[in-house]
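Working notes for the structure below.
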Amino acid sequence: MTDGEKVESQDPLSLSGGEGPAQEKSPGEVEENKKRNGESKGAAAEKESFEPPEGGWGWVVMLAAMWCNGSVFGIQNAFGIIYVSLLKEFGSPDDEDLRFKTAWVGSLSMGMIFFCSPIVSVCTDLLGCRITAVGGAAVALVGLLGSSFVTSLGPMYFTYGIVFACGCSFAYQPSLVILGHYFKKRLGLVNGIVTAGSSLFSVVLPLVLRALLERVGLANTLRVLCIFVFILMLAGFTYKPLLPQVTISSKAGRRCPPLSKVFNVKIWKSVGYCIWAFGIPAALYGYFVPYVHLMKHVEERFGKDVNKEVLLMCIGVTSGLGRLIFGRVADYVPGVNKVFLQVASFLVIGLMSMMIPLCNIFGGLIAVCLLMGLFDGCFICIMAPIAFELVGSQDVSQAIGFLLGMMSVPMTVGPPIAGFLRDRLGSYDVAFYLAGIPPMIGGATLCLIPWVESRRKRRALKSEGHKSVMKRCRRADSSLRGPGVCSRWMITVTACASFLGLGMSISVLGPTLGDLAINVKQNISNISHVFVGRSAGYMGGSLLAGFLFEFMNHHLLLGFSVLLTAFGMVAIPFCRNAVLLTVLMSCIGISMGSLDTGGNVLILNTWEEHSGPHMQALHFSFAAGAFAAPIIAKLLFGEDDQPAENTTLESKTDQLPTLAQNSSFSPVTTMKDKSLDAILHFTHSESSTMNSMWAYIMIGAFVLLLSLLFFIMYFRITLLREPARATSGKQIMAKHHNALIFFLSFFFFWYVGAEVAYGSFIYTYAKDYIHLDTSQAAGLNSLFWGTFAATRGLAIFFAACMKPGSMIVLSLLASSLSSLLLSLFSSNMVILWSCTALYGASMATTFPSGISWLEQYTTVTGRSAAMFVVGAALGEMVLPALIGFLLGKVQELPVLMYLSLATAIITSIIFPIMYKLATSPSRSGWKPQDKKPPEVSDSEHCIPLTDMRSNQGDEEQEADLLSETSAAATLVLESSPVTFSNSDLSTKRSGSPSSLSV
């Protein structure tokens, strides 16, 4: 087999570009097309029977591809070091646009690597992986060697930005395609290992480049890098293709494949691929900005003596770790659901980019770079597997090529724009803030892909003869069916958005407390009772909602709760009396408590045993809202920089808020916290106060829109179904149901109390007990909540492949270990920073996992949810107050760490007790794990957020479902106001299908 072979599909079952079912051809038509294209029957049969060896020489190919990724992107990622040297080598002090011009060297190089990708994909198909890779490496060697002899920026644009980058592009893309020749089952893991090569080089090269630049200068450093590229050229010779040889029939009269095979436009007929190909570039406008400008930003903010190369090392280390972890995780995520991993990656990358200018200590920047690198690895390593899922292995080469080509534009223009903003504004702050917006927009766009692909598959099934059977099933269960896929997704998205608003509504009070005090013409100490009022209302609302949810439609009740929250938030800026403000906060607390309880119950009832990932997504939305509110309040509507003239706040107070943006889920209580003393020393003008009040109005408007969505869902269901009636079935309850609810409430009392206490007082503890300065203590607090929020995002995906009980056990082990080390080595800086991050991560998943775990063994009703929400709220009130009291009395002991250890031990004791109670046998047994009869598939009506079950055989399962029309009557009914519990559809012990009862 020669290198000139065309890469064809090795998987006959893979999707081919997303052509609609109407365009599908019979086997005879496919064979006739192959004949017209000059492909013999023998080659087609051999291709269809080809199976990758899953090893052998493939391991050598994997190492060669790993070197390729490392040498190409290791040099690109380390350009920040070269960038500083270029400023010194070719720059002039009088050039105002120096950074703008110099940034073009690196951004042009990175952009050209991706811009050439469509051409590279065609060359890979025509010439083969080996010739393309070796030839590209040779061109890159010439370009890099030529760059070492230039003396100005102009020629550097051509030699480094174009020639070297084009050669790297031709060497890089075949390293991704060749892996499909040797691996299929392990493709995700192998891609993770290969892409981890760039992370390994990104760790080593910054140190190497810094040493070389100091000793031998820029020119000789580039010549040393030529050695890496020469080895890359040798590595390309290992790319031995394995796909069957394509023979060209002499009757065809062609020496070249048809133009449609060279420039494959078929992939653009796939709607899922189109969304992916436009969403990824939209997310990358700010992606390369930190790699180019972070080194200079650190030098300007922290001085030239700081070891800034450590940041690139941190990105490299965690990026490699992320590629290995997420590459393996991707193997367990079926189909296009892998795209949700990229969504999470872009969300975190965007948030971390915005965090860079907020970090006033070097340790905070290290934490930001660690998280940014981890999710950068996730985004990179699953690009090829997603492309395989969207277009199939036959078209994957050009699919990746077109995508990388479109990525070139945003990655090229981003860094120069950031440099231009720095030259004009004198700071990189605005550039980094803007760099974080595109990843969030692009990530939100990618969420449409699984929905589009699921609709395409359903249309394909209908076109294959199942349509008539599906109609019979619909008629059989027309009076019984609950909400389908779209309805469940609509409910989930609306619930997550409402928790996003809930998080913003709760946390916005902290950063705007001083402005509220001015608005009501009181000191902060005189309005601290608003926290007590809101906390009392929160608990009352939770209890009230627990009872009302048993009798009212869930959507209607949540709609009124959200509506009340919206009106309350909008009314806060117009409240000029402290007493009225307290009453208003109490009313808002009632609505928030109802929303918290109702949201948890709604997700449990909607997804039942598949609620784990969705529960994690719900509480991650809360964390995202809590994180965003201070940014909205202070960065978008913050106070002016002008000094105050009108009003001054006193600098002392006895009672301060516990929580601004860090509650696990619920109300804020009152405590004495020196971490907010800084609030009391600034002065305000009336205009700045009203600016921050706009944050309440904006959040209220957002929440108001969500209330409309709940009302729309309520009226939609009411029009489609009969009026509400009581269910005749009996809910499945564990033998010790009440004891389980009590112990879970007690468990959440300690867990949430410890979480809020640590997050609220770690600043004070670090400043007074460890004697850190203000900026370092604030960085430690940000590290705790940053890892907390990031882990909640990751938990969405881990919850799909792990049981809730396993996640709770891991969280308890991590919290126990970290709190033990913090108690024993409380003054050690390494232990303090690392274990704070671990403790924050360990606290992130416990609350949503606890609810999902309880749902496995007993039915969680509105009253049950209200009980453990109230238990958590009490813990949030009691434990922080206890810590505040002890810190004032016993300042020589690390009481915060001791409390964390004590709560970890208590929760570790309570959980085994709950497990014993839950699994205790009873006459009726505990709640079954599979609520639906085994012959009924969930694929049509209950699709989890990241369903980890294999997609293989989906069509056969669907056919079995459709052929059993009698099974339609056994579908789980989950609608409102018509509410059917799982026990309403039960079979007698005989197991006879005819013994169904409603």
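Backbone N, Cα and C define each Cβ position, glycine as well.
Annotation comment: TrEMBL describes 1-51, 921-961, 979-998 as region 'Disordered'. The compositional bias 'Basic and acidic residues' annotation in TrEMBL covers 26-50, 928-941. Residues or ranges marked as transmembrane segment by TrEMBL: 57-83, 103-124, 131-151, 310-327, 430-452, 530-549, 580-605, 617-637, 693-717, 783-801, 808-825, 866-887 (among others).
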With Cβ distances under 8 Å as the criterion, find the stretch in 57-83, 131-151, 430-452, 530-549, 808-825 that has the most pairs with the transmembrane segment (103-124).
57-83
Return the stretch with the most CB pairs under 8 A relative to the transmembrane segment (57-83), choosing among 310-327, 580-605, 783-801, 808-825.
310-327
Given a Cβ distance threshold of under 8 angstroms, which distant residues of the chain, six or more beyond its ends, lie next to the transmembrane segment (783-801)?
329, 332-333, 340-341, 344, 347-348, 351, 355, 363-364, 367-368, 371, 374-375, 612-613, 615-617, 619-620, 623-624, 626-627, 661-662, 755, 758-759, 762, 807, 833, 836-845, 848-849, 852, 944-948
Counting a contact as 3 or more Cβ pairs under 8 Å, with residues at least 6 apart in sequence, do the transmembrane segment (530-549) and the transmembrane segment (131-151) touch?
no
Quickly jot the same-chain residues contacting the transmembrane segment (580-605) by Cβ under 8 Å, restricted to those at least six beyond its ends, or write none.
491-492, 495, 498-499, 502, 505-506, 516, 520, 527, 529-531, 533-546, 548-549, 554, 557-558, 561-562, 564-565, 568-569, 571-572, 611, 614-615, 618, 665-667, 851-852, 855, 860-862, 865-866, 869, 873, 974
